[in-house]
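Record features, source Swiss-Prot:
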- 75-86: compositional bias 'Polar residues' (COMPBIAS)
- 280-343: region 'Hydrophilic' (REGION)
- 317-322: repeat 'D 2' (REPEAT)
- 325-330: repeat 'D 3' (REPEAT)
- 381-385: motif 'LPXTG sorting signal' (MOTIF)
Amino acid sequence: MAKNNTNRHYSLRKLKKGTASVAVALSVIGAGLVVNTNEVSARVFPRGTVENPDKARELLNKYDVENSMLQANNDKLTTENKNLTDQNKELKAEENRLTTENKGLTKKLSEAEEEAANKEQESKETIGTLKKILDETVKDKIAREQKSKQDIGALKQELAKKDEGNKVSEASRKGLRRDLDASREAKKQVEKDLANLTAELDKVKEEKQISDASRKGLRRDLDASREAKKQVEKDLANLTAELDKVKEEKQISDASRQGLRRDLDASREAKKQVEKALEEANSKLAALEKLNKELEESKKLTEKEKAELQAKLEAEAKALKEQLAKQAEELAKLRAGKASDSQTPDAKPGNKVVPGKGQAPQAGTKPNQNKAPMKETKRQLPSTGETANPFFTAAALTVMATAGVAAVVKRKEEN
């Protein structure tokens, strides 16, 4: 009966396996448990206590509560131990990071100390040079003072010998005073010259640094200009060859179509476009010449203004290169169109157009059937099939713009 009652109130799942077995065995045979944080001890109850199931249950419940509290305490300590372990890992990682950062800072400090030592050495050398100049100046001044003293001594001796002549003596005293004043003025002048030499030395050093930087920049600009000139000359040669070929093809095309009115209109329109392109090219050439003058005047400008002017010139050169590429592409398209047009017969048999005469409509056809094709041919060149904007406008503009760039680059290189 007592065994059945005690089994209903056991709550030993949270105890260790050995502790639970001992507790169950002791409770069955009539023993009590005393549970501490680190150990489980057993003591034998008197016979009367074992025979009292209520008291045994009360003790077991009490031990169960204490065991639960200890288990909760143990879980809490385990969690805190885990947190402390994680914090320890983080602190170690932070320590490693700080150690690495300390090494980097130590290296930077060493480099800074080395740079400071180099600067200090340069300063010492400069001070040594100035000190040498100062010593030479002081020696010169001392020599002059010695000479002045010797002159004064000689004058004094001469004055002692000529005491009888008061006028001569007075004149000698005045001359001595003048020499003394001149000596003092010479001393002041020497000190002033020394200060001026020191200032000029500093100024010369600064100008030398600026001159070195400017010379390097001008050398880079000259090299870039030479490369740009070579590229422009190469592009100009290619475009000139293309232009000659296109001109030859145009002459052939014009010779075969001199009697057509629409070619004359297209030629007039092309002339207007060429004149307009010539004006644009002249304006661009004037702008390039202005930029060249600004480049020549940039020798007196600051480094910042030189950089801005160089960027402007590079942007202009880039725009011209893009224009050259675009126009070369247009020339290629025109050549392809001309080649396809040369393979097409000029007119169908029976529909040959006589220059200066209109074509009568065929029998059985309406007169307005050919209006749309005629309107279309007026908007196109017969040789290439392109629109009324003549194909040689782009070529002329390319040649003139390229020639202007080449002239500017040549002037820049000569300057």
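Note that Cβ sites are derived from N, Cα and C of the backbone, with glycine treated the same way.
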Just to confirm my parser: what is the rounded mean pLDDT across the repeat 'D 2' (317-322)?
79
Within the compositional bias 'Polar residues' (75-86), count helix residues (DSSP H, G, I), strand residues (E, B) and coil residues, in that order.
12 helix, 0 strand, 0 coil
Is it possible to list how many residues within the repeat 'D 2' (317-322) are helical, extended or coil according to DSSP?
6 helix, 0 strand, 0 coil
Report the DSSP secondary-structure composition of the repeat 'D 3' (325-330) as helix, strand and coil residue counts.
6 helix, 0 strand, 0 coil
